């Protein structure tokens, strides 16, 4: 059983987080609650918790002040920061406090669950190695991996006491020089998959040279350290000879000393990013890519043209402009930063603008947008290119349909007339949008623009108005009125009525009957 402290000045958020976590991790957490940092510190004086989820902005003591209070403690819980989009300066303060988990509101369940699992995994690893650091070689390697992972994730150099820790972990050999490689496997869903991948790499590299350490970093990439270049030559030969490679690899230059490991790690990450442009699999050596041309100019005018052409029935011209923007010949002439800049500009000038202009009713496209928004969600450049092209086609069609729907408001009025005639039936937006021959998502946005409210809200108000008329003009029972007004059951009707009117249906009838008699 783990313990978790939720710190937020809004009770509904505290209770909502608890319900969300309990459904996913039934019986795994004991919960504590606080409305601000001072209440949290008072709670922590009484109990020790494993995880703290805290809002940044709170009265009395905010989340940053709370984290600062906890910073010097010997046993610190895992900390998850919650924040809005406008709290970036708070986020920077949290990073300085070495908080590594930062979630934006509204909370995405899967992201929260993933963070909790990572913290639980980190906690389990620390528990396993504490007090037994040198008892076995396996534990010593775990400790070394944990030490290096913490070093890679830390701000600055974290030099205090590092030499003694390295010796204790058996890492003094780093001083004599090493290579660092990052291997990014295909997505793995279980710990068994991770073990199998390590065993596969071991079988390829261990007999070719002295692989001294391998471990997974926080992003699920396998870090491999060796004082010898030979294991990576063996890995390169394997990758060139196999047809179905399920991983990519980047290799640093030769480094010496633990203080240089973060630089080697950054080099391996940069080398790995070039796998997107590979025509055939191989280990990418930082020495081969570090001096690529960085003197480039992004094709911003062409990207703006793409944004302007959306919804204008100029799809073929749009594709030609996209071919110019993502011209692989130009991309191969420059540093990977050129392609990263193009991807970033497409997000900012095209994709993000569509969602800003046309709202969240285009939610069915958000999943694809989220994927395309990160260049490194793709294994190869051509996969990214086709995903961008596909998203642009969908967005262009979407924009065109929304504009048509906005221009033809008669269709929305016809939909409203249909709702007024059929509110008592099992009615939903799919049925109504089909009735007026408009796409579901386009209809949703056009309806909201025309009426000023969502379809669900409008239909609920329509049914409540009909119910109030029946309550004052007839002697029908409440359950009969509920059915006549189109509510699914009397319990739902009563709840919605009370939430909207502040009284029950019977109380409403009594009050209005009395008013009629006076």
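Even glycines carry a Cβ here, placed using N, Cα and C.
Those TrEMBL annotations? Automatic predictions, nothing curated.
Fair warning: this is a prediction, and the values are worked out from it, not measured in the lab.
Feature list (source: TrEMBL):
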- 3-120: domain 'Response regulatory' (DOMAIN)
- 55: 4-aspartylphosphate (MOD_RES)
- 413-511: domain 'HTH araC/xylS-type' (DOMAIN)
Cβ atoms near residue 55 (4-aspartylphosphate) (within 10 Å, other residues, all chains): 25
Structural state census, the domain 'HTH araC/xylS-type' (413-511) (DSSP three-state): 74 helix, 0 strand, 25 coil
Whole-number mean of pLDDT values that fall within the domain 'Response regulatory' (3-120): 86
Tally of residues which DSSP labels helix, strand or coil - the domain 'Response regulatory' (3-120): 54 helix, 26 strand, 38 coil
